[in-house]
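Okay, structure first, notes after.
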């Protein structure tokens, strides 16, 4: 099965690229009063993306004071749901691999194994779809919340005229984009595997063992027509054999008219005359 080969690999790629992510953003602040110049602000965030708990210190450009700034948004639900589905899918794939290889007979016994496998595959297909869509939406919101333009608006010194602020380093999103792609790849993989698991269940085998009435009647009529055709051919063959054989019949006899038989010019007897026609 394709799930045995590819499912564990893509599941690992999905939750590893999301769960192990760390983003870094750096902002440079130049105060107009020249009290503080070239101040760098480092902002770090990562999984599970509870941005409302991420904070940093920013200068106020007034008498060496600083403020504490928090980011906006909590995207941990979608991220943790996505990672949880990936981990569970990976563990189930490993378990299914062991069963397919070492316990094939018990897997097929009483049709319980294929039925359970079919139901679990359907559930994982749906959960992969939900978690991937939710994570893709949350990823877009995370990009918006950590956009340098939005970050500069959170800093009071950057909102004042005369001060100059710029982002010197932006987070890389390639890893999180890859995780979203792997999520939808798992959706396709698990959805396609539903058919292969269904073929192992008793539902599919029952349909193959007991065809429909229409097909049965059609097959019966075909068998009857073939049998009748064979019977007609056999009758014709027997008739031709009978015609080719030599037919024997008894001599044909019939009675003629009454006649008189003479012996030495004397009438001896009177009776019917019998003619014999030899073939």
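Including glycine, each Cβ sits where the backbone N, Cα and C put it.
TrEMBL labels come from automatic prediction, so no person has curated them.
Because the structure is a prediction, the values reported are computed rather than measured.
If you look up TrEMBL, you'll see 1-202 marked as domain 'MARVEL'.
Residues annotated as signal peptide in TrEMBL: 1-16.
Residues or ranges marked as transmembrane segment by TrEMBL: 81-103 (among others).
Remote same-chain residues near the transmembrane segment (115-131) are listed as 3, 78, 81-82, 84-85, 88-89, 92, 96, 107, 183, 186-187, 190-191, 193-194, 197-198, 200-202 (criterion: CB distance under 8 Å, separation of at least six residues from the stretch ends). The transmembrane segment annotation in TrEMBL covers 115-131 (among others).
The transmembrane segment annotation in TrEMBL covers 180-198 (among others).
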Exercise. What mean pLDDT does the predicted model reach across the domain 'MARVEL' (1-202)?
Worked result: 88
